[in-house]
Ligand SMILES: Nc1ncnc2c1ncn2[C@@H]1O[C@H](COP(=O)(O)OP(=O)(O)O)[C@@H](O)[C@H]1O
Ligand SMILES: O=P(O)(O)OC[C@H](O)CO
């Protein structure tokens, strides 16, 4: 039997390919960034063709570096940035428009009209989501309404939609030459078009966005013993490998962190932050601004659901310090700069660049730096940036505790920002809960590999996977309750200053 499983992680800023062994250890990886296209304020696009080319390149390079062939891989899993919408022509394989990225706010009027017309409650009940620019439905509607010829092509069945998982699965299985048009329930649950109970596209939801059903991929289990297909011999793997796992990236990280029991949670710190709490096979409806989402569906087992707190801007606020303000030359420097001062010096930074996501869902918010005095320096701003990551997390942890009654005794973390030791210490202090990072911090790719490997019997059960999880580092809280409360009161005041800033009506 083949000794390895591969996973493509198609993220917001880069695409990586990773290969794991049976112990869940990394054997090889390669990663390439793609262009962030920012045509105007609030718009964020990716070029789907570039993403496919990057995927080909990272797969080819990692396989070559590891000296492996297609026959060495028991299965391949896909995981992806969620919500980002691609519409392409199934006859030519050409996208009709750039991918509209999850952070893009161009559909704010579509989202506020849904609320005004009383459709918000139906979307919350059926899809588990509030109407917001974040999700795919409005993005597809925008393409149908604004790109000439797409509506007609969609009605004819030529223009098809997918998130980037679907786009890559279609290309990996042959594209115009018989590519499969599929997705999984975790990705579909982020479109505003899928009914959480039936796990099928919902005609009423489709009608809200004017999306023809024939545009949409078939929804298959996240870990799929029937396989989505096999990679093509002429593709980047140079042979046939079973495509057996597909999960949105945050759900994949939940699987990679082996959060298989109800009440288990993880927080991923990347471009944004995404806290997911496994709620088991029961749907839990949020009363406090969280999303209800599909966590995973393994084979023919019942789907497992999650409550999610999505934060749009965390690691990308650090990138903003680097790229827009130029006060650091690399993300890791944020730690050294912030360590130059003992505290935030009264400064709070609320990076509401895309409005505020959970638990506020305020597309009228914009970023603010408050509490400045002449005493403050770049170091205070760096510290306030790292604190903003932690305070936003505290907001969603609070909402999660209220919604679920689950009180976290430890927070499992992963993602790029968790390399920042100071930020992780701040997180433990601000939450008053220990923070724990696993040895394999690439939990997203690992989760997709797990889903694929489970499907083909490479791993026999989730117990096999649990044995692979090992703690690397733990941070214990050091702040007093009084310090914690004072700090959080300042944050809550700062958030209020960002609201009602732009007119979305
Ligand atoms: N040492 C660090 N301190 C703070 N932020 C960091 C550090 N290293 C990386 N980051 C941030 O982490 C993010 C990348 O993490 P990653 O998990 O690769 O994200 P994604 O999957 O969203 O592309 C970037 O936004 C970057 O600014
Ligand atoms: O690609 P990431 O890691 O920034 O994750 C993006 C999320 O899936 C958006 O919902």
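The backbone N, Cα and C atoms fix where each Cβ goes, and this holds for glycine too.
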Which of 67, 315, 367, 371 belongs with 12, 16, 271, 416, 420 in the ADP site listed by TrEMBL:
315
Looking at TrEMBL, 82, 83, 249, 250 are annotated for glycerol. Which of 134, 228, 296 sits in that same site?
134
Maximum Cα-Cα separation in Å among residues 82, 83, 134, 249, 250, which the record lists as binding glycerol:
15
Cα-Cα, whole number of Å: residue 416 (ADP binding site) versus residue 134 (sn-glycerol 3-phosphate binding site)?
22
To the nearest whole angstrom, state the Cα distance for the pair residue 134 (sn-glycerol 3-phosphate binding site) and residue 250 (glycerol binding site).
15
Using DSSP reduced to three states, classify residue 271 (ADP binding site) as helix, strand or coil.
coil
Can you check which residues sit near residue 250 (glycerol binding site), meaning Cβ under 8 Å from its Cβ, same chain, 6 or more apart in sequence, and list them in order?
82, 268, 274, 276, 308, 310, 444
